[in-house]
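Participant: Have a look at this one.
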């Protein structure tokens, strides 16, 4: 037991070292007064995450978190602030003031959310860690002092609104969904949802006709809809059996009512046109889009066939049969085949398709979790084959995290701040961050690591061979993108791209967090810097 704890501490220290290196690499390029905030936040998060780990081991946390991983506070705390900082610098370089200010708000919001989570951990640790309290106080003072002279009054109110939504969502979702997240994963997922809800409220109250792309509003309304639907039915089914036909009919009816009676009018208010007609026209606008939709439908059908085939093997061989690592990574190859043509030929179609796919995945998970007839029990049987140690809670989130990891670089890429025509430098690969980090890197590392890997990284089960082949595979993928995507021009940024891929691959080897979610975000940060 003592040896296992030592190995975990070693892995945690090396993971923290990699995160610190990434933070310093980013700020060698974009150094300004916000860099002091980010470094102070990283140092205090490093100390506080050990307090979280202690709470998790002793069972002293307020909520039940995922027990098969460390707290992950440091890597999670740096994602949103670094995204905001690099977005600010990119938009400042092309003179887009609105998105430059938006980047500052994102960075400030991320820092405040991370500080709040740190204060929670320090406050419930017994005995109270005096040194960590002092360090957190110093970091908080630096951040608040710089924010005081950087944000306008309206921006301060916006940051506080996101914090308030985050607090309420944390109280509700972490109670309803025990063991689904680590503290770090909760910070990323709930922080992202809180920011989306805040943006939706803000834009709904300040709609200006003709301003904004309808594509951007679809994501906001879709996420708000599925979150509200999940909270409503979770509360409702606490008082009634969700597995009856009556409850199932009520679920389908209320889903239709929310979608057609609330979300569609809300979207109409934002885009000033019929959402269903707009979506239909959007999907068939060009012949290329029709071809892509047919191609994606065939890929989806092949993924369903894999699920059915693997379950037929389980039925014939053994009830305890579980899908192998290679079988699970087959879905990674499918999403690479899905996203790459979309990024090359039609970025906006991929954006909308990913949003619709996210809604479908979450609705199917609701049906499985609540055992909604007629498909709830069938989905439970089919998907248990693909469970791993990360699905320790009541929800199965692995496939949703895979979709998010591939889609976040597409959704978060600030299109108004991107140069027109040819994309130059490492930033040209930003939309491909999910494809490279998860679709190629993580897949190759798992497959080769589990088959030919022998030399293990200190403190982990990951292998040196898996990481090296992942780096090599991503380099080959970049070379192929240069051939097939004529807009990409890397100029002289090859060394930065190689360093970014290598750092993220090393992070994959050491992190115990959901790598499908974490790795694309860090690669996007490095490529945008």
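From the backbone N, Cα and C atoms, a Cβ is placed for every residue, glycine too.
TrEMBL entries are annotated by machine, without manual review.
According to TrEMBL, the record shows the following:
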| type | residues | note |
| --- | --- | --- |
| TRANSMEM | 12-31 | transmembrane segment |
| TRANSMEM | 68-86 | transmembrane segment |
| TRANSMEM | 98-122 | transmembrane segment |
| TRANSMEM | 128-147 | transmembrane segment |
| TRANSMEM | 159-177 | transmembrane segment |
| TRANSMEM | 217-239 | transmembrane segment |
| TRANSMEM | 251-271 | transmembrane segment |
| TRANSMEM | 291-309 | transmembrane segment |
| TRANSMEM | 351-371 | transmembrane segment |
| TRANSMEM | 432-452 | transmembrane segment |
| TRANSMEM | 464-484 | transmembrane segment |
| TRANSMEM | 496-523 | transmembrane segment |
Participant: What parts of the chain pack near the transmembrane segment (291-309), using Cβ distances under 8 Å and only residues at least 6 beyond its ends?
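Facilitator: Cβ under 8 Å, 6 or more out: 283, 327, 330-331, 334, 337-338, 341-342, 345-346, 349, 353, 382-383, 385-386.
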Participant: Any contact between the transmembrane segment (351-371) and the transmembrane segment (217-239), i.e. 3 or more CB pairs below 8 Å with pairs at least 6 residues apart?
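Facilitator: These two stretches do touch.
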Participant: Sequence gap of 6 or more, Cβ distance under 8 Å, 3 or more pairs: do the transmembrane segment (98-122) and the transmembrane segment (159-177) meet that?
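Facilitator: Contact criterion met.
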Participant: Can you name the far-off residues of the same chain, 6+ from the ends of the transmembrane segment (12-31), with a Cβ under 8 Å from a Cβ of it?
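Facilitator: Same-chain contacts beyond the flanks: 38-39, 42, 46, 49-50, 53, 70, 74-75, 78, 82, 85-86, 89, 457-459, 499, 503, 506-507, 510-512, 522, 525-526, 529.
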Participant: Who are the long-range neighbours of the transmembrane segment (68-86) in its own chain, taking Cβ under 8 Å and residues 6 or more past its ends?
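Facilitator: Residues 8, 12, 15-16, 19, 22-23, 26, 30, 34-35, 37-38, 41-42, 45-46, 48-49, 52-53, 56, 103-111, 113-114, 117-118, 121, 182-185, 187-188, 191-192, 389-390, 392, 412, 507, 511-513, 518, 521-522, 524-525, 528-529.
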